[in-house]
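First comes the structure, then the notes that go with it.
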Amino acid sequence: MKLTKLWLLFVCLGLFVTLVVSADTDSDADSDSSADSDSSADSDENTTASGSIVTSTTESSATNSSGSSDDASGSSSDVDDGSDDDTDSGSDTDYDTPTTAPVVKKRANRKKANNNKKRASNNRKKANNNNNNKKRANSNNNRKRRASNNNNKKKASNNNNRRRNNNSRRRG
């Protein structure tokens, strides 16, 4: 039940937003078209006692109060016309925002690069230490192998066998 109420709320909100957006564009279109048509112009015109026709100024003020005429004329301070000299007071922030963003990113990348370099050097050191430990262990093992091989060679040699046999004869 809660899901359906939530869904209904979103649908109503979406319809409301579309209605507001479409109503805003329709009011601009209606005000533009009413100035061109003769039937609506008659209702906006007032005749004076002398018979001259005076048009109402509410039509022009309504079209100028909407944001569309300012954007079309280019007199807004947020729009940059591409000229070298900038006399707009509010456009300084437009130039500051793109230049500050890459600086922050570069610092973050430098930190990441430094961290990666540190990690790589630490990994190299650890690998070298592991290799050194392996070398030490292997050298110890090699010494033991050599010693055991030497002992085995002595046992296998004829001199050693003769000595052993003589000693065993003497003992009895």
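The backbone N, Cα and C atoms fix where each Cβ goes, and this holds for glycine too.
The annotation signal peptide is assigned in Swiss-Prot to 1-22.
Sequence annotations record features per position, and here Swiss-Prot assigns compositional bias 'Acidic residues' to 25-45 (among others).
The region 'Disordered' feature in Swiss-Prot is assigned to 25-172.
Per Swiss-Prot, the feature repeat '1' maps to 27-32.
In the predicted model, residues of the region '3 X 6 AA tandem repeats of S-S-A-D-S-D' (27-44) average a pLDDT of 50. Look at Swiss-Prot and you will find 27-44 tagged as region '3 X 6 AA tandem repeats of S-S-A-D-S-D'.
Residues or ranges marked as repeat '2' in Swiss-Prot: 33-38.
Summarising the annotation, Swiss-Prot assigns repeat '3' to 39-44.
If you look up Swiss-Prot, you'll see 55-77 marked as compositional bias 'Low complexity'.
The feature compositional bias 'Acidic residues' is assigned by Swiss-Prot to 78-95 (among others).
Among the features that Swiss-Prot reports, compositional bias 'Basic residues' is placed at 104-172. Helix, strand and coil content of the compositional bias 'Basic residues' (104-172), in residues and according to DSSP, is 67 helix, 0 strand, 2 coil.
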